[in-house]
Amino acid sequence: MEGGAYGAGKAGGAFDPYTLVRQPHTILRVVSWVFSIVVFGSIVNEGYLNSPLESEEFCIYNRNPNACGYGVTVGVLAFLTCLLYLALDVYFPQISSVKDRKKAVLSDIGVSAFWAFLWFVGFCFLANQWQVSEPKDNPLNEGTDAARAAIAFSFFSIFTWSLTAALAVRRFKDLTFQEEYNTLFPASAQP
């Protein structure tokens, strides 16, 4: 059973950053992390406009502060979630219990699917509010590239989080196989 990458027999080894960086779920997490930075950074930097006729700033997305607030909130929370699960990916090889590994992977499945849904809602919300925005509110087209970037990277985030969930499902199947193998062949599970 040398090919098993998720069993307790692999736990406790030395930390290998090269192996961590090459794993697809780690790459997707880093990409999702960058996408979340782009979304909330675009909205925070150029998502609010000033009008010479008004004293307060307004959101570039149809003057709807909820659109900007949703984009920033989801972006920041996704940023923090990516950091949390990157830390879990670093710690994962040190977890010796298959049951604890299963819990970690199950949480990864749920959280990744939840974030894919939140990004889908965010993409739809931002795209809709951008579509119905009045050109008279932004006659100089200030911040339009940033607004479009936030929409585009919200869309891309749907796929990165969905793929992360799919990879977590595959990891869960590998863990379940490893647990069944250790139950059927307890002597060969020992190093």
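Just so you know, glycine gets a Cβ as well, placed from its N, Cα and C.
These figures come from a predicted structure and were not determined experimentally.
Look at TrEMBL and you will find 20-173 tagged as domain 'MARVEL'.
Residues 57-61, 68, 71-72, 74-76, 78-79, 82-83, 86, 115, 122, 137-138, 142-143, 145-147, 149-150, 153-154, 156-157, 160-161, 164 of the same chain lie 6 or more positions beyond the ends of the transmembrane segment (30-49) yet place their CB under 8 Å from a CB of it. Residues or ranges marked as transmembrane segment in TrEMBL: 30-49 (among others).
Tertiary proximity for the transmembrane segment (69-88) is limited to same-chain residues at least six positions away from its ends with a CB under 8 Å from its CB atoms, namely 26, 29-30, 32-33, 35-37, 39-41, 43-44, 47, 61, 104, 108, 111, 115, 118-119, 122, 125-126, 150, 154, 157, 161. The transmembrane segment annotation in TrEMBL covers 69-88 (among others).
Same-chain residues lying 6+ beyond the ends of the transmembrane segment (109-130) with a Cβ under 8 Å from its Cβ atoms: 32, 39, 60-62, 64, 67, 70-71, 74, 78, 81, 85, 147-148, 150-151, 154-155, 157-158, 161-162, 164-165, 168-169, 172. The transmembrane segment annotation in TrEMBL covers 109-130 (among others).
Nonlocal intrachain contacts for the transmembrane segment (150-169), taken as residues 6+ away from its ends with a CB within less than 8 angstroms of a stretch CB, comprise 24-25, 28-29, 31-32, 35-36, 38-39, 42-43, 47, 71, 74, 78, 105, 108-109, 112-113, 115-116, 119-120, 122-123, 126-127, 130. According to TrEMBL, the transmembrane segment annotation covers 150-169 (among others).
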